[in-house]
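S.K.: Summarising the annotation, TrEMBL assigns repeat 'ANK' to 210-245, 246-278, 319-351, 394-426, 463-495, 531-563, 602-634, 670-702, 765-801, 802-834, 886-918.
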C-alpha cells in the first residue's frame, strides 16, 4: 500500500503521521456534558453560545468530540458551522484529532454528505487519510451523492482544494486510481482543472477502474467547456475511437446522453459511427432508435455526418437489426430516408424474420396519422426490394402487425399491394377482426376497403367470434352498424353465450350510444343469455337505465329475479349514483307492479339498498309511499344512521324521517346513535337537525364518549348544541372542558368555561392551567381564557413543583407574546424562577433549546416588541442592574449574546456601563448594529467613549465576519449599513474621516446607501462632513462629481438637493461635467424643478416625485 504521508504541497503536508486520540478514561466535566448533550440534540446555536463562555476549555471540546459531531451534522447552516468551527480551533483543538472510531472530522463529514464542512476543514489544512487507497475510498464516499446541478460552486471549490493537495501524488504515483478519481470529479465539477491533470499521452488514453478514459468522461457532458476539453485532449494524442470496457467509444457515450453538440464535435474529429460495443450496437444503431420526434429536426444534420463516418450502413446489431430496422421501429422517417439514399438495404430481415415493413407496422400509430408524409419512404422500401408478403417467426405479415397495432394508415397503404387479406394472424384474427376491435374514426374509413379484401365478413376468429360479435364485445357500435349494413349475421350467440343485443344492454350508458335500429325488435323480445338472464336483467345490473326504460313495458313479470336473485328495481337502486337516470323510472316500475317491499338475500328492502347506495331521491319517494324506514338494515343501520354518514344529506332531511316515526336515538350494532355518527363524520348540518329533533346529546357512544367529548377531539367543531352536559366524565374520568384543554381546542374550552364547566385546580407536577397555557403560543382566545380562569380563582402567580410561576414557564418556552399577555393580567415580573433568573435575563439570553435551562426556542419577535417588553419589565419594578446566577447583568448578557439592537435601550433604561475588555471590543466591532432612541444622545456618546477607552480605539479596523476583504473602520461600517445616527456620534467623538474624504469613498457610500428615510439625520451628517473638510466637488471613480453622479443615478438624485439647500434665484452653483464643459444649476421656484444649463441653452431637469417613482425626485432620463 503506497503511503502519501511524506508528500509536500504548497499548503503543507497532506497527513500528520500521528493523529491525537482521546483516552476513554478521562473524566467528563460539567461543560463537557453540556456540549455533548447539546450536540446530540442538534442544539448548534446553543453550542455556539457555550463556546463563547470563558470557562470552556480545550479538554471540554475534545472530550465531547464536538469537531466530529459538527462534521456529522449537514443540516447546520454554513455561517453557523463556520462560526462554531472557528471557535473550536481558537481553543487550539487539533483539527486532525480522532474520535473513538479513529475517524477525523473530515472523514466523518464525507461519510455524512456534509460537503460544506469538508470544504471548511480542507481549507484549514485538515489531513486526508494516510494512503492512496484510503484517499480514494474517502473521495468515493464524499462524492457519492454529488449532482452536477446542485451547489456547483461548493463542489468546484472542494475539487480544487483536493487537487491542490493531491496533485503530486496523483501525477507521479504508480497507483492510478487516485488520478482517475480526481479526473472524473474535475470533468464533472471543475473543467478548468482538467488540463493540469495530464502530462503524457499515455495518461490521456489510460482507462480507470470503470474502463473510462478522459474522453469518455468528457463526452458525458454537452457544454462549450467540455467541447473545448475534447479538442484539447485530441490535440494531446487522445484516441477519439478508444473503446471502454463496455465497448463504448466517446461517440457512443455522447449519443446515449443525447449530447448533440459533443457528437458533432466528435464526428468532425473523425469519430467512427460504425464501431460496435459489447451489445453489438454502433452509434448509427443508437441514433436510429431515437424516438423523440419533436427533436428530429435538431439532429437531422448529424445523420449525414454519421453516415459519412460509417463504412457499413447495413451492419446488424445483436438481434439482427440494421439501422434501417431500428429507425423504422422508432418512426424516424427522416433518418430512414437518409439511410435508404445512402445504400441501406430494405430487403433484409432480422433474427425474428421481420422486414423493415414489420418494424414500421409496430411503430407508434401517431407516426402514420399522416400517411402522406411516409409515402415516399414506403415506396422507396418497395423499390429497394422489401418483401411485402414476408412473415415473421410468428407467422405474421406486416399487414397483420399494422392492423394489430392500429396503424390504419399503413394498413391502407399495404392493402394496395395485397390480394388476399383473409388469412388470420398468429392469434387467429384477420384484419377485419382487428378493425372491429378498434374504436377509431380511421378504422371506420377503412372498413369497406378491408371488408372487400377479406371477403367473408362472417368468418370466425380463433375464439369463435365473428367481426360483428367482436365489435359488440368492444362496444364499437358504429362498426356494428357498418357490419350489419354489409350483411353480417348478428342474431347468434358469441363465444361467451351473449347476443349482440345483450352486449348493448351491458354497455356503458354514460357514452350514450344510440341503439342500432336492427336491434330494437330483438331487444323488445327480451331474449335470454346463457345464464338465463334477460336483456332487462342485464341492463338493470349494469345500470343501463335507458335500456330498462325502453323495454320495461314488454316484460311479463317485472318482479322476476335474475341469476343472482335480484329484481330489476333492486338492481337499479344498487347502481352507482353517477349512472342515475331519473326518479320517474322507479315510479313507473312501481306502477307496473314492482314490489318495493321485497327483501334481498341479506334481508335488505329496496329502501335499505337505496340508502346504502346513496339514492336519496328514491329513498324519499319510497318513504312517502309508506316503505318502512324505522327498521335497521342487515348492517344494523337505520335510514337516519345512513343520513348521518353521507356527504349528500342535502338531498334528504332529518325532519322528514323523524315524521315517518324513525327512532332518532336508535343505536346500530356498534352502539352508536345517528347523532354519534354525524359528529364523528363532522356532518354538522345533520347533527344540528338531529339535536333539534330531540336526539339525546348526553348519551355515550360505542367508546364511552358523549357528543361534547367528541367535539373536544375535533378541530373546527360546532359546539352550540343545547342541553349538552358540561360535567359528564368519559371513560378516563375527564370532563369535556379538561379534554378540550388537553387537546388545545381553545374556542370550545372558552365556551365550556362560560357555561360553568368544572375544572380540577391542579394538573400534573403541580401545574395550574396557567402553567399549561404558558407552553402555548398566544392565540385569539388567550385573553378571554385568562380572564375566565382568574374569575374562577386560579392564581396566575402560583409556583409549580419545580418552583416556577406560569410566566417563567412561558419565558422558558420562548412564548414572549404569552409572557406579555400574562404580565398584562397581573403576572409578577420581579420574582425569580427556580434557577434564580428573572424575566429580564431570560429575555436577553441566547435561546435555542428548551432542554438546556433557559436556552429555548424563541418565537419570531420584532425589535419594537422586544424593546416594549424590556420597558414593561423595568416599569414594573425590575432592576436593570440585577445580576443573575452567572453574575452577569442584563447589559453584559445582551453583549455576550449579540443582542446589539437592545444594548442602547438597556443603557437608556439605566444600565450601568460595566463590561470586560473582550465585551467592550465585541460591542465596538458591532456598534453599527446598535439602535438608539432619539432622546438618548448623551448616553450614546458616553457609551462610545466608554467602549473606545476615551476615544483611543475609535479608529480601530475590523475584518468582516467571514475573514475576507480589507479591514474597515467603525465609521465605514456604519455608513455602509446606513446607520448615520451612529456615524454622526463617531465623528463627533473623534473618528478620523480624512482618509475617506480624500479618496471619495465616503461620498460614494452615501450615494449608494441612500434610501430616502430619515432625511434630517442625513442632512446633519452632511453638515458635519462639510465642517470636517468635505469637498462636494471631489470626483468619483467615474470622473463625475457627487452631484453629477447622483443626478444621473435615479435612486440617489435627492442627494444632490441636499448639497444645495437654499432654493433661490441668486444661488447658482457651477461645476464641470468632466469634459471641460461648464454646467450651472438653478432652481425653478414655480415648478420646484432643478434646472441644468450649459453654454448653449437648456440641458436637463430633475422633477418632483411622479406616480411611477417612490423617489422624492427622479431624473427624467439619461443626460445627453
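Quick reminder: no glycine exception, Cβ is built from N, Cα and C everywhere.
Keep in mind that TrEMBL annotations are predicted by a computer and have not been checked by a curator.
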S.K.: Restricting attention to the repeat 'ANK' (463-495), give the mean pLDDT.
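M.R.: Across the repeat 'ANK' (463-495), the average pLDDT comes out at 91.
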S.K.: Quick test of the contact rule: Cβ under 8 Å, at least six residues beyond the ends. What residues does that give for the repeat 'ANK' (394-426)?
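M.R.: The answer is 352, 355, 357-358, 360-363, 365, 367-371, 374-375, 378, 382, 388, 433-435, 438, 440, 442-443, 445-446, 449-450, 453-456, 459, 461-462.
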S.K.: May I ask for the residues of the chain that lie six or more residues beyond the repeat 'ANK' (319-351) and have a Cβ under 8 Å from a Cβ within it?
M.R.: 282, 284-285, 287-291, 293, 296, 300, 303-304, 307, 313, 357, 359-360, 362-364, 366-367, 373-374, 376-377, 380-382, 384-387, 390
S.K.: Provide the three-state DSSP residue tally for the repeat 'ANK' (802-834): helix first, then strand, then coil.
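M.R.: The repeat 'ANK' (802-834) comes out at 16 helix, 0 strand, 17 coil.
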